[in-house]
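*Asks:* My structure is below; once you've seen it, I'll send some questions.
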Amino acid sequence: MNTQEQITPGIIHVINGPNLNMLGKREPEIYGALTLDQINEELKNRADALGLSLDFFQSNHEGEILDYIHVAFEQGPAGVIINPGALTHTSVALRDAISMLSCPIVEVHLSNIHKRETFRHTSMIAGIATGQLTGFGHYGYYMALDFLHSLAG
């Protein structure tokens, strides 16, 4: 994937993996105090202002995430913002599914995965993503949206 590619009109898919439904409750000192619903609401407001359409999906189950990506693939997404959670470090299947997509993909992590436990330093997704935002808290999602909007030309 090349960052010079233009996104095509359509939907930007915002995909969140395991445990992200627990944001605001789970380790707020690491992941912040906002809930996923609050982050999604702000993303929707920003997307509306930019004239972009978003579809949100969260699952704690790898297979459900893969199925969602397969459906998105058939629809030809404009872009993907994905926080794979712990699947970042372990899921070849998720990497393979994402690699089918021919749109810009931004990997987002609330915490800086490179400042945490060693096993979190490796991302199975980074090598196929257009870019990675890590350690910016919930702002990483907004930065990803702004980046995708910049490609809309």
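From the backbone N, Cα and C atoms, a Cβ is placed for every residue, glycine too.
Annotation comment: TrEMBL describes Arg26 as site 'Transition state stabilizer'. TrEMBL lists Tyr31 with the feature active site, proton acceptor. Residues annotated as substrate binding site in TrEMBL: Asn83, His89, Asp96, Leu110, Ser111, Arg120. Per TrEMBL, the feature active site, proton donor maps to His109.
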*Asks:* Could you state the CA-to-CA distance between Leu110 (substrate binding site) and the residue listed as 'active site, proton acceptor' to the nearest Å?
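*Replies:* Leu110 (substrate binding site) to the residue listed as 'active site, proton acceptor', Cα-Cα distance: 6 Å.
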*Asks:* Name the one residue among Asn83, His89, Asp96, His109 whose Cα is closest in three-dimensional space to that of Tyr31 (active site, proton acceptor); these are the recorded positions.
*Replies:* His109
*Asks:* Go through Asn83, Ser111, our binding-site residues, and report the one whose Cβ sees the most other Cβ atoms within 10 Å.
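*Replies:* Output for this query is Asn83.
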*Asks:* Do you know offhand how many angstrom separate His89 (substrate binding site) and Arg26 (site 'Transition state stabilizer') by C-alpha?
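*Replies:* So the Cα of Arg26 (site 'Transition state stabilizer') lies 19 Å away from that of His89 (substrate binding site).
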*Asks:* Fewest neighbouring Cβ atoms within 10 Å: which of the recorded positions Arg26, His89, His109?
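*Replies:* It is Arg26 that, of the recorded positions Arg26, His89, His109, has the fewest other Cβ atoms within 10 Å.
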*Asks:* Based on DSSP, name the secondary structure state of Leu110 (substrate binding site): helix, strand or coil.
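*Replies:* The residue in question, Leu110 (substrate binding site), is coil (DSSP, three-state).
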*Asks:* Once the DSSP letters are reduced so that anything not helix or strand counts as coil, what is Arg26 (site 'Transition state stabilizer')?
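*Replies:* Coil, per DSSP.
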*Asks:* With every protein chain in view, what's the tally of Cβ atoms within 10 Å of the Cβ of Asp96 (substrate binding site), excluding that atom itself?
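*Replies:* That number is 13.
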*Asks:* Three-state secondary structure of Asn83 (substrate binding site) from DSSP?
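*Replies:* DSSP assigns Asn83 (substrate binding site) to strand.
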